[in-house]
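Asker: Pulled the feature table from Swiss-Prot, pasting it below:
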- Glu97, Glu127, His130, Glu226: Fe cation 1 binding site (BINDING)
- Glu127, Glu192, Glu226, His229: Fe cation 2 binding site (BINDING)
Amino acid sequence: MSRQSLTKAHAKISELTWEPTFATPATRFGTDYTFEKAPKKDPLKQIMRSYFSMEEEKDNRVYGAMDGAIRGNMFRQVQQRWLEWQKLFLSIIPFPEISAARAMPMAIDAVPNPEIHNGLAVQMIDEVRHSTIQMNLKKLYMNNYIDPSGFDMTEKAFANNYAGTIGRQFGEGFITGDAITAANIYLTVVAETAFTNTLFVAMPDEAAANGDYLLPTVFHSVQSDESRHISNGYSILLMALADERNRPLLERDLRYAWWNNHCVVDAAIGTFIEYGTKDRRKDRESYAEMWRRWIYDDYYRSYLLPLEKYGLTIPHDLVEEAWKRIVEKGYVHEVARFFATGWPVNYWRIDTMTDTDFEWFEHKYPGWYSKFGKWWENYNRLAYPGRNKPIAFEEVGYQYPHRCWTCMVPALIREDMIVEKVDGQWRTYCSETCYWTDAVAFRGEYEGRETPNMGRLTGFREWETLHHGKDLADIVTDLGYVRDDGKTLVGQPHLNLDPQKMWTLDDVRGNTFNSPNVLLNQMTDDERDAHVAAYRAGGVPA
């Protein structure tokens, strides 16, 4: 296509949009942002010549690799420890992808720029493609992996699981609240521009090291589209910056979006990379090292900092606090321990840790053993049924954590937990920023300005409250996490498939599960103060 014909085609596509003159359009997806002074910029023109042929070629490579993996016996070589965590990961990730596709009409409706609508429409096609190839990857794993249990229930399990619902909260953030907050700042400016680096670049590297070369093929195909999505987000960001009235909203949304992405994405991807791998080479990058390179340097220093020249206040404090939580406060390791504590209500198996694992963690995170080593030794000791309860019900010096109302990841850095009465309910938050998000950001007014489109953080946000007072065996049965024999649990605290060493419903029966939040709201003020003080001091029950 010649340059002249490309320009004509681009102009013709732009003419396909119109503003109705016979009626006032209904605002389906509202925003508190204003775009009266916004400049026009269309990212689509740069790729219009080659988009569909390019995507076809990428799909051919993905599905060809899937066929090659089966013919090449990849599943005889891949590490079980790695693929077990993919049951959780691949149950979650298609949902944020399809939510991103659903977010594009929100952005199109909110941004009065027919030119940029073209790029957003193409992004919607991308996101549908991403979700499709990820679902196909999951199906291929299910059909060929030695233990398909868990892969066969992911769409149901992700929606009712204590970990999967965190991912659901993350994906729903793309399509709820203010349209620009959700579909642009939270999704495109932060999630796609920053955190897809660890998600779609660093994680595939770890997959390959564990014998899985399918996930890198699929996710590099996904990541190659992200540069265009980043361009869409940046275009809308510049449009918003053109109007000074948007600056407080942008600064609010950057704080919320950065922190919620950190809380959820770093929790999940950090755990998959650090605890799902068998590759313990000393020269392999830890998640902290990956984060410093891919997010701190490539995103914060290269993308966020230059925005200050437009007068925008960047959340430097939150970036530094996220780094501190990963490096000094053991955030990823706390998440992994929490997931392993909840193994009876998992739909994936979690491997025990070995001396090689211990040595690697101590090398990469000095002091790791003194804080986490003894617990993982107890996890190994309590891995098989018969003489003990699941580790969550044994005395191993670990108190089941409170859930954060905002990000829904538990308050695992216990000294930072915030407890406040909001909307008539005592709620717990993992951090001051998550409390601010619920009590200040997602409200009908912000800094004296009406913000009716932000919405509220509502619903059953604490998984534990849904199962308060139930027997553990009944919870597992209600969730449907039972294998085909009707008695053996899908989740196991080891990778041994010997039926004699796998936990059954009878093995976990007799243990009553209680919700920390329900109990917190039942306490007197003095009891609550004492409980919170003990929790912050290290998690020993008051």
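From the backbone N, Cα and C atoms, a Cβ is placed for every residue, glycine too.
Quick one: how deep are these features, and who are their neighbours?
Answerer: Glu127 (Fe cation 1 binding site) carries a helical DSSP state (H, G or I). Around the Cβ of Glu127 (Fe cation 1 binding site), the number of neighbouring Cβ atoms within 10 Å comes to 25.
Look at Glu192 (Fe cation 2 binding site): DSSP puts it in a helix.
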Asker: For the C-alpha pair, I'd like the distance in angstrom between His130 (Fe cation 1 binding site) and Glu192 (Fe cation 2 binding site), rounded off.
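Answerer: Glu192 (Fe cation 2 binding site) has its Cα 13 Å from the Cα of His130 (Fe cation 1 binding site).
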Asker: Apart from Glu127, Glu192, Glu226, His229, which residues in this chain have a Cβ no more than 8 Å from the mean position of the Cβ atoms of those residues at the Fe cation 2 site?
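Answerer: So the extra residues in range turn out to be Ala100, Gln123, Asp126, Leu187, Thr188, Thr196, Asp225, Arg228, Ile230, Asn232.
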Asker: Distance check, please: Cα of Glu127 (Fe cation 1 binding site) against Cα of His229 (Fe cation 2 binding site), rounded to an integer number of angstrom.
Answerer: 10
Asker: If you measure His229 (Fe cation 2 binding site) to Glu97 (Fe cation 1 binding site) at Cα, how many Å is it?
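Answerer: That separation, Cα to Cα, works out to 12 Å.
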Asker: Could you tell me the C-alpha distance between Glu97 (Fe cation 1 binding site) and Glu192 (Fe cation 2 binding site) in angstrom, no decimals?
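Answerer: Taking the Cα atoms only, Glu97 (Fe cation 1 binding site) lies 11 Å from Glu192 (Fe cation 2 binding site).
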